[in-house]
Amino acid sequence: MSDGDAAGNRNPAGKKHPVLLDCCGGLNNVDYSKMDLTFMEEVLKHINFNDSSFCIAVIAIIFNPLFWNVVARWEHRTRRLSRLFGSPYLACYCLGFVIILLNACRSHSMTIAMKAQAKWEVMVRTDVFYTGIALMVLGTLLVVSSFLALGFTGTFLGDYFGILMDEKVTGFPFNIIENPMYWGSTANYLGLALIGASPVGLVLTAIVAVAYKVAVRFEGPFTGQIYQERSQRRKHE
């Protein structure tokens, strides 16, 4: 019997009660036409979606996680990069530096897009500026501490190259948030958008968050599978 059926059976016969919304399934019953979208409409009014710098930034945002996931899975399946460079460590270092360069290009393209488009006067406030500063400090803390906890190969997909960690990292910042590298980077971009009073920066940051969310959905299960395969091999040794 489902929870919905059980709830229905507790109602006296013949009496109808309004169905309460649950946290997820009940969203289908929400009347979105009554939602206040004024803020979003105001943000979108200040953005030129046809601007070339905006389009380049969006392409860079989407391309980066797609690139490293495709290349890393290809390496895991074929070991071509490891054979090409003569070492899985060297291959991982090279891919890591390429990812760093791509992320630098993404940050540059987002900065150019924010400078090319108008500021929003509502965001030109001291409290918004300092909130942006705080987000960038937090984001940098998450990114740096995550890198120090994982090391270079742990950060840049070393497990796809067969460079596996002995145990799962559970210390800071992984004990307070999952995927701190991704969300720290997102916090940095949001902080930059607030500092620059840039509505296009807010939209680009939202796209970054969605791109990372999708990447996590693909990376998490695959990485778990890699470590599960190692555990199975150890059991048979």
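Glycine too: its Cβ is placed from the backbone N, Cα and C atoms.
Marked as S-adenosyl-L-methionine binding site by TrEMBL: V137, L138, G139, E219, G220. What TrEMBL lists as intramembrane segment is 52-72. Marked as topological domain 'Lumenal' by TrEMBL: 1-51, 73-84, 154-196. Residues annotated as topological domain 'Cytoplasmic' in TrEMBL: 106-132, 218-237. Feature annotation from TrEMBL assigns transmembrane segment to 49-68, 88-107, 128-152, 189-212.
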Those binding-site residues listed as V137, L138, and which of them has the most Cβ atoms within 10 Å of its own Cβ:
L138
Within the same chain, where does the transmembrane segment (49-68) have neighbours whose Cβ lies under 8 angstroms from its own Cβ atoms, ignoring anything closer than 6 residues to its ends? I mean 6 or more beyond.
95, 99, 102-103, 105-106, 109-110, 112-113, 116-117, 157, 200, 204, 207-208, 211-212, 214-215
Using other CB atoms within 10 angstroms as the count, which residue among the binding-site residues G139, G220 scores least?
G220
With Cβ-Cβ distance below 8 Å and at least 6 positions apart along the chain, what are the contacts of E219 (S-adenosyl-L-methionine binding site)? List them in sequence order.
N69
Non-local residues, at least 6 beyond the ends, that sit with Cβ under 8 Å of the topological domain 'Cytoplasmic' (218-237)
69, 73, 76, 159-160, 164
Quickly jot the same-chain residues contacting the topological domain 'Lumenal' (73-84) by Cβ under 8 Å, restricted to those at least six beyond its ends, or write none.
91, 94-95, 160-162, 222, 226
So the record assigns V137, L138, G139, E219, G220 to S-adenosyl-L-methionine. If I measure every Cα pair among those residues, what is the longest distance in angstrom, as a whole number?
27
Work out, from DSSP, the number of helix, strand and coil residues along the topological domain 'Cytoplasmic' (106-132).
21 helix, 0 strand, 6 coil
